[in-house]
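Heads up, the thing below is written out as structure tokens.
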Amino acid sequence: MAKKVAVIGAGVSGLISLKCCVDEGLEPTCFERTEDIGGVWRFKEKVEDGRASIYQSVVTNTSKEMSCFSDFPMPEDFPNFLHNSKLLEYFRIFAKKFDLLKYIQFQTTVLSVRKCPDFSSSGQWKVVTQSNGKEQSAVFDAVMVCTGHHFLPHIPLKSFPGIERFKGQYFHSRQYKHPDGFEGKRILVIGMGNSGSDIAVELSKSAAQVFISTRHGTWVMSRVSEDGYPWDSVFHTRFRSMLRNVLPRTVVKWMIEQQMNQWFNHENYGLEPQNKYIMKEPVLNDDVPSRLLCGAIKVKSTVKELTETSAIFEDGTVEENIDVIIFATGYSFSFPFLEDSLVKVENNMVSLYKYIFPAHLEKSTFACIGLIQPLGSIFPTAELQARWVTRVFKGLCHLPSERTMMMDIIKRNEKRIDLFGESQSQTLQTNYVDYLDELALEIGAKPDFCSLLFKDPKLAVRLFFGPCNSYQYRLAGPGQWEGARSAIFTQKQRILKPLKTRVLKDSSNFPVSFLLKILGLVAVVVAFFCQLQWS
């Protein structure tokens, strides 16, 4: 008899969790509190309590080829970076292709998830839901929480003395939808993450002046990278990931600074991060430097105090006649339907094994999907999480002891702090390629490079030097997809397809890049064996 699994949320994590459950022969039921799929990526004009919210102009920060699910490439005519409506279209195509909607109960709110009295032996959960004012309860063999972490706004008003005196308008960035109504105003945006930067840029085109306050500074990257390719298809390769892991810390920090400053000198713009950490999640925005050059946006330090109409900053400067303050200060974790002890966040540390499993449960029948912030696309990340989780639920994969899991949680947190810092916004940060490989290894889907070097050297070179895409994790192991190799080698074609809207005369060049990659791979292998010989 198939195990019954409760999937909470029908956003990206919920949809892929449904598919993974079906692939493994489990019986899923998804509870979605709204009337449609898409989660945070479905734009609505009205902000709803308990639901993630985006502004109308949101475009993905990760490209389509690095964001698609591993056995379902996005249509080749889709743009590389998708408007939220286009991404929602992909989710609809995906849900229809794999017939997922029949598993979803819409407009159904999960009120509570509690262990059954015999949990220590059964591992079962009692899930109480509400729909149309009527409560129902059901018992499930396992639970997958797929609600994400972008719906409870974090507004640290106590950190802004004088906010109670401020006569202008202030609100969290989740309430921002479009620039209408802000024309001619002087606006202060607090927080320079992706949302804060996007909003500042958009408002700067019609506002009188926009100021953006950043505590530590930030790196700003363009979506356009080498030779015009999407940034993540160049940045996220196994070769680059290996270099970051084996080179000394000071060298890695220098390399990152050089790479980030290729586009523009961040120090000259007052943006260079002022901390000791190797990595800080960059802001993806193609317009920030130009808006700074135009004077439409001005970078400010931390707000020290607010008056009725002005903002006083830590460097002693004052900006008068502020009309609006927008807090782009992130989100707090909240799972009101869970017991407090189930998913604990203490001192900015999430007590989940590999950001997924509570370590203290007697039975491994509960998991969080998508509760992570990788330096890359969340979609392939959530998919690998769900693939592993469903195999754990089936008993095909097993978790280590509680002690081993707790040691991993502590060690992972120490590494996260060393790389990214201790602030709340960095709580879920992790290295992208390393984490994907880690999950793939658990399910037996990580590519075997030593074997591929002899069996399929062309593929081995592509996997090592090319983009670390999701297709790689369908080449072998459970869930193998026969189209994976072809998808890897036709990736460039799908990247360029939406750009080639003007016919040009054909020109061919000698493929020296492939030969250089072969030589580079040989050099890496030789260096590795030499190191073994001398160690």
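Glycine is treated like the rest: Cβ placed from N, Cα and C.
Note that the coordinates shown come from a computational prediction; the quantities given were computed from them, not determined experimentally.
Long-range C-beta contacts of GLY9 (FAD binding site), restricted to its own chain and to partners at least six residues apart, with a cutoff below 8 Å, comprise CYS30, PHE31, GLU32, GLY39, VAL145, CYS146, THR147, GLY148. Residues or ranges marked as FAD binding site by Swiss-Prot: GLY9, ALA10, GLY11, VAL12, SER13, GLU32, VAL40, TRP41, ASN61, THR62.
Under DSSP, SER195 (NADP(+) binding site) is assigned to a helix (H, G or I) in the three-state scheme. Neighbour density for SER195 (NADP(+) binding site): within 10 A of its CB lie 23 other CB atoms from the protein chains shown. Summarising the annotation, Swiss-Prot assigns NADP(+) binding site to THR60, ASN61, SER195, GLY196, SER197, ASP198.
Under the heading SUMO cross-link, Swiss-Prot lists LYS492, citing similarity to another entry as support. There are 14 other CB atoms within 10 A of the CB of LYS492 (SUMO cross-link), with all protein chains counted.
As annotated by Swiss-Prot, N-acetylalanine applies to ALA2. According to DSSP, ALA2 (N-acetylalanine) is assigned to coil rather than to any helix or strand. Long-range C-beta contacts of ALA2 (N-acetylalanine), restricted to its own chain and to partners at least six residues apart, with a cutoff below 8 Å, comprise GLY25, LEU26, GLU27.
As annotated by Swiss-Prot, transmembrane segment applies to 510-530.
When Cβ atoms from all protein chains are considered, those within 10 Å of SER197 (NADP(+) binding site) total 24, not counting its own. Checked against VAL40 (FAD binding site) by C-alpha proximity, the recorded positions THR60, GLY196, SER197, LYS492 yield THR60 as the nearest. For the FAD site, whose annotated binding residues are GLY9, ALA10, GLY11, VAL12, SER13, GLU32, VAL40, TRP41, ASN61, THR62, the maximal Cα to Cα separation is 26 Å. The Cβ of GLY11 (FAD binding site) lies under 8 Å from the Cβ of ILE37, GLY38, GLY39, VAL40, TRP41, ALA52, CYS146, THR147, GLY148, GLY370, each of these being in the same chain and 6 or more residues away along the sequence. Around SER13 (FAD binding site), taking its Cβ as the centre, 29 other Cβ atoms fall within 10 Å, counting all chains. Looking only at the recorded positions SER195, GLY196, SER197, LYS492, the one with its C-alpha closest to SER13 (FAD binding site) is SER195. Rounded to a whole number, the distance between the Cα atoms of LYS492 (SUMO cross-link) and THR60 (NADP(+) binding site) is 19 Å.
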